[in-house]
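Lifted from TrEMBL, the feature list:
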REGION    1-55  region 'Disordered'
COMPBIAS  8-23  compositional bias 'Basic residues'
COMPBIAS  32-48  compositional bias 'Basic residues'
REGION    94-140  region 'Disordered'
COMPBIAS  94-106  compositional bias 'Basic residues'
COMPBIAS  126-137  compositional bias 'Polar residues'
REGION    171-205  region 'Disordered'
COMPBIAS  179-193  compositional bias 'Basic residues'
COMPBIAS  194-205  compositional bias 'Basic and acidic residues'
REGION    228-253  region 'Disordered'
REGION    265-284  region 'Disordered'
COMPBIAS  275-284  compositional bias 'Basic residues'
């Protein structure tokens, strides 16, 4: 049997709706139209009724011709409407089965469930209590019903515990009550108070020791005492170099720096050092004359060439 697609089904439904609309319109028009003359008789009026009910002649054969007859060939095609009806019937059966499974579905058979529960109780893997174990003489139906009731109770107790933020206990009457927390005993209270007192004493002692240590660093200046210079430190602080701490940028003597200084000193056309500038210190370019700028550009190019030559010599080695 070939399945009918949704598009084909929609087309057929549209055609059927169109046909129904036309039929309604024709019926309404026929009712509204005025009747002219006497209505004509149909074929039903010309039919002869059988006087004898047990007569089975040619008339009845003609009347029931083509109704509930055997197929002429067994390979006769099934009508499309019949296929649609069959598919719809199958879909409805599937939906009913799914609904029944959702309502009465059990993950495993009672015998299998009983075996798993017994094994878990023996091995203590799942931690299931003995109350959930099937009792001797208890039927599978009663056992499953009891399990369902126990699970409902557990769910209700968990909800109440979350709501009231306390432990919930079931009484003998079947009611639920909040479990009262036990108040700490006098002995525990006394121990806690002693611990707090010990902590407070330790904190006070530490504060006093720190205060007394800080007193030793105070300087007692006498009246009329005069100081002409700050105190000199004979020993360096920990992890300090003799060069007064960390290395400063430009303190390291480089080869290029030595060449520049020697060239500037030997060059007669170099800048004259003023009282403010040191040897090797350069002026800003905008403060230098054009002739000096040309000399500096040439010197810069020469130094770059020297640096490149030194680099090539190192690579060759």
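Backbone N, Cα and C atoms are what each Cβ position is placed from, and that goes for glycine too.
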- Per DSSP, what is the residue count of the region 'Disordered' (171-205) in each of helix, strand and coil? 20 helix, 3 strand, 12 coil
- DSSP helix/strand/coil residue counts for the compositional bias 'Basic residues' (8-23): 16 helix, 0 strand, 0 coil
